[in-house]
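**Q** Marked as domain 'ABC transmembrane type-1' by TrEMBL: B:111-311. According to TrEMBL, the transmembrane segment annotation covers B:42-62, B:113-141, B:153-174, B:180-199, B:234-255, B:289-311.
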């Protein structure tokens, strides 16, 4: 077990080194950091001094090692666009994205699981077929289209909910939360729904597939034979045995949701990391792009590694690597 | 030309006719055809997709206006609502945008761009993925390791992030004169890069199984060249799961293209895809011009829903467990 843990961690470490290499390449190939940082009046000597101070005259490998060491300490330099420390910029935006993703995840579980159970239990009924068709539509709807349609319906036509921004926020330590104010909660509703549509259908389809298998097992038949009410068998006994894959999927999807939140954040002008990243892309603000890329990849890789290790711990057969080829799919 | 066939031309024609007939009846009587006929949703989706593709391809001949031709746009025709509104005007069935562009024409031209980019990126990802997967699975060893590790790294970053980075970086490094011309190829490449890995993994796994079978050993024994064994003998036996993945990825590619264009790192405004049109419309969300954003969005959803319905049916139809 320890060997497997070390192997997985080392693997994740090398993947992060490779991602850092990509980020570093982007850094080196686009724009001259010196030109971005000095003002108009800077003399040739000032520039040369800054170049020397930033270590841009060193060899490729030295610079890469320095980039990785700095990145590991959370130092990504200064944003080209607004001259602030990149890590400060990102950590200001971090709570907004995480709150959005967590609420979307909760919605997807609360809505997706009952729908999955319903479609499995009433298999081939009209309701189940309708929901099954609905799940294809849910997978196919682009999240920005969902967002735009929600804004059109609930903000423009009905005027019930705000269409952009995060409302009022309250600081709890360094974490600024919108969950504690009425306007913050209202502002969260539409973005969270639009981010969760895809996830709802994923959860629903997974629960349906798992339930169909579970309903065939003997213990379910036995529970019915013993006189346990049908609803209790379905919603308690059977559903509980479908939860493990759902938890795994939810865990692994959080990384994807964080990345995909950038689309939702653009539609709703939600002040999270994703919006920061998209603005950085338009201005070719490389330090911010590199930091975001590395942070999201780190979350992604960490979650995948945790899932892998937990699985190997639960089911020792999976320590054999070949058994889980193709387990992770973006 | 004194072949024996010449003596019996009638028999030859007959044979040819029976062969042609055979293709159709074989298609109809195959498992897949049988399943297709019995699935109304698959038939509906295929018909819808066919209609959309046909109207998109014929766009230059059936639309009332060329939406890219700025000279054809008249500003006094701008912001006309759809035809069923009392202020609607012919020939603008779905209304016009703020520049006087006919929405129906823009949508058909936009669908053409979306479909072409989606299709081309799937073909590119397929050819790279199949090639690398075959090589990795057939030869094994260090080359397998290198290919699969690159794939692992790509899969350790979110799909959408890779595509955005590639598209943004490629566009930033181009001179302004080339940006518009190369926008579509860049997008195709940006979407194909994170998607080849799935094909490569699938083909590699089945190649590793097929490689040990007797027909491959026999082919090796009589010194058939490696590339020929891979392409002619192994590849056809790995294609079933690939077909399903490719169909579903076609929908995903169209979605990704639309997302990138919506975010402003995709198709530029002078050759708008459906995503670009939705981005324009999004700017007028609060001015009551709902038709500028809703119609392109509906068209995009119709395309992706029909592709996914076909993919869903194909997955069930090709799944041996369900037969």
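Backbone N, Cα and C atoms are what each Cβ position is placed from, and that goes for glycine too.
Whatever TrEMBL says is automated annotation, not expert-curated.
What you see is a predicted model, and the numbers here were worked out from it, not measured in a lab.
Are these features on the surface or tucked inside, and what are their neighbours?
**A** Residues 35-36, 105, 108-109, 111-112, 115, 299, 302-303, 305-307, 309-310, 313 of the same chain, all 6+ positions outside the transmembrane segment (B:42-62), place their C-beta atoms under 8 angstroms from a C-beta of that stretch.
Residues 52-53, 56, 147-148, 184, 187-189, 191-192, 195-208, 211, 226, 229-231, 234-235, 242, 246, 249-251, 253-254, 257-258, 267, 271-275, 300, 303 of the same chain sit 6 or more residues outside the transmembrane segment (B:113-141) yet have a Cβ under 8 Å from a Cβ within it.
Under 8 Å from some Cβ of the transmembrane segment (B:234-255) lie the Cβ atoms of residues 114-115, 117-119, 121-122, 125-126, 130, 134, 138, 191, 195, 198-199, 202-203, 206-207, 210-211, 216, 300, 303-304, 307-308, 310-311, 314-315, 318, all in the same chain and six or more residues away from its ends.
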**Q** In the same chain, who gets a Cβ under 8 Å from the transmembrane segment (B:180-199) while lying at least 6 residues past its ends?
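**A** The answer is 113, 116-118, 120-122, 124-126, 128-130, 132-133, 151, 154-155, 157, 159, 162-164, 166-167, 170-171, 174, 242, 245-246, 249, 252-253, 256-257, 260-261, 266-268, 270-271.
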